[in-house]
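> Mind having a look at this structure? Questions to follow.
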């Protein structure tokens with residue numbers, strides 16, 4: 001397996017992602033592909049969890065010393081890592097004849113389908129748990145409804161075309177799964193039996209679909225029609241995630257929620273040990289101030305959202321009665 005790894009590998013890198021759920025190291029469909037990409041590259045890193053900024057488009061991000069690569073810059077973290085010469089799995093694949101078509105299907109059709117299914121196509125419990133479960137119920141619920149509205153706008157879904165757009169999204173996902181299943185065959189990876197960033201993205205989406213979506217999910221049922229994709233996903237999950245608890249795997253620690261003072265590193269599955277009181281460091285004071293600003297900003301966003309949405313009727317907002325009755329307790 002050939003790959004390009006830069007001189008910065010010796011430095012300690014930290015991946016900041018959303019929290020683990022559904023037996024996944026991070027249940028966020030944007031964060032998980034980054035985790036998998038670095039694991040495929042055998043690139044050492046720490047994994048930290050940030051639950052303070054649930055709707056930040058900067059997450060995930062990678063930091064090491066003064067170096068930071070954010071999700072919302074330069075086409076994402078993986079592209080930043082490749083461009084900056086830190087780790088590149090794709091140097092020999094991008095000239096492959098079907099690279100562009102596979103990339104388009106994964107990053108467009110499957111990404112849209114998973115987004116739709118998480119926020120609109122199912123009851124929303126999975127999305128709520130991934131993004132808002134650490135927030136108080138009123139704020140989390142309103143932010144969830146706000147995101148549903150935003151997703152519908154981004155996918156071009158209106159009250160008049162909702163059924164047509166749903167059919168189109170599922171149809172494209174079915175075509176993508178079929179093409180990717182044929183491309184994969186019985187290989188270990190999509191291209192030349194070696195890993196690439198497309199494997200990382202595809203595998204991340206597949207694992208979220210299999211493990212985070214409910215059994216009633218239409219997208220999940222379409223995926224389960226392709227046994228080789230399911231075998232591919234579960235095999236790599238075992239190798240990259242379930243075997244990652246060894247000493248050579250990434251170290252896990254959590255960036256605490258706004259109501260919890262920052263503590264030292266700890267494994268995310270362990271109970272934190274109590275520590276004697278001590279003076280807060282300047283970093284902790286800054287962290288606490290940022291948390292207060294975030295809560296204030298979110299409260300303001302909720303008030304603005306309610307005031308703006310108050311000018312629309314229930315039909316314009318396009319939130320079904322069923323959605324409005326969701327309870328996430």
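Yeah, the Cβs are placed from backbone N, Cα and C, and that goes for glycine too.
So TrEMBL says this about it:
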type: DOMAIN; residues: 29-122; note: domain 'Thioredoxin-like fold'
type: DOMAIN; residues: 173-235; note: domain 'Metaxin glutathione S-transferase'
type: REGION; residues: 243-284; note: region 'Disordered'
type: COMPBIAS; residues: 243-259; note: compositional bias 'Low complexity'
type: TRANSMEM; residues: 293-312; note: transmembrane segment
> For the domain 'Metaxin glutathione S-transferase' (173-235), would you mind checking the mean pLDDT of the predicted model?
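Its mean pLDDT is 96.
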> Count up the helix, strand and coil residues in the domain 'Metaxin glutathione S-transferase' (173-235) according to DSSP, in that order.
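The counts are 42 helix, 2 strand, 19 coil.
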